[in-house]
């Protein structure tokens, strides 16, 4: 190995890549493992249909809300250190989520699920930092990032399988989380052994505690108000009040970030020609994808009556095609304008939601559900890769880390926010739970609308996305 290498040999290098990629796998696993068993958890804890979306959305929201914060903390206090803390955090709250089966409180479970999301929020941005620090801009670095994106759909399907095994075969959903905690603890040990100490870069500097506090608080209050409305109703005074407070906190966050020396989120990013357009379109696409992730498993299990393990088998094409899409994006982006790949991703988002909305209940898997599983993962994988490239080309070198972290924030927070919007519409249209299909279709059409808006915005902003990188 060359002297500048951080690794003892090729096997050490491969082990490092595998360990870092596991951050993406486990982030998606902890989404899928709860979606598939949401009804069983609700039955144990005493929650109803509107409550079930909280099990998923609370996790996604904190993953998104804390990404900016933990990325900056890694820069200051050490990437490897924050990485290990992320695994240990996941270990603790996986254990606590399992013990909620004894407490029998949906509120406590929702809180622990939300806190669990801080673990992946710590892992994701620092995974990017580890790859960026370990490799020079060459084939190995591109391959590492490609693998990181490619395993996302695999992680989701693996999470569905994980939850299905413990809920359907072992008949105890609590072991989904207890077994997960064991593996997360092993990952913390592997990270300590495999990640070279010289990658534990500590740049020091100032951390924007005040801006981070009001920004994260604003995002959480906005999520809580929208996701709490189906349960408590907009007529409950505290729902619109919390929404107003959340919006005011976001406004305060913008003002603070404009007047601080080292902001956690530089507002100057939004002055770049395509940054805002890409971010809004990306949010629209991922809000629509959240409808698929949560509602399609419910549609197949509750209305078609398939088992959990059958669902996992039916979703295998999602993982396979998603991996191919991620590899394709690596090939396409150096050769075609990034906005064309991004526009294609929005079209796939929209098309998959339309197929979802039109799929009959009493129909063979092969007629519409199989084609859906073949195309639904293309949008997410193409969008993340192309959006990251467009954003990177728009901002200066000093803003690369903040822009990348914010892109991750948008992706994960949009899943939770989209489910909140979908939950409101579903609750309004399902006739108090007596017509679940009508509620699901409403959520799917809402997702199609979000993705359609993303298509329009991307097309209108295509010229801005072609501009050269800022110096």
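Glycine is no exception: its Cβ is also placed from the backbone N, Cα and C atoms.
Just so you know, TrEMBL annotations are computer predictions that nobody has curated.
Record note: among 27-46, 207-226, 207-226 is the stretch given as transmembrane segment by TrEMBL. Among the recorded stretches 54-70, 143-163, 175-195, 275-294, the one sharing the largest number of Cβ pairs closer than 8 Å with the transmembrane segment (82-105) is 175-195.
Remark: the transmembrane segment (340-359) contacts the transmembrane segment (442-460), by the rule of 3 or more CB pairs under 8 A. Two recorded stretches are said to be in contact when at least 3 C-beta pairs lie under 8 angstroms, sequence spacing 6 or more; the transmembrane segment (314-333) and the transmembrane segment (207-226) fall short of this definition. If you look at the transmembrane segment (111-131) against the transmembrane segment (403-422), you find at least three C-beta pairs under 8 angstroms, all six or more positions apart, and that counts as contact. Scored by C-beta pairs under 8 angstroms, the transmembrane segment (403-422) has its highest count with 275-294, from the stretches 143-163, 175-195, 207-226, 232-255, 275-294.
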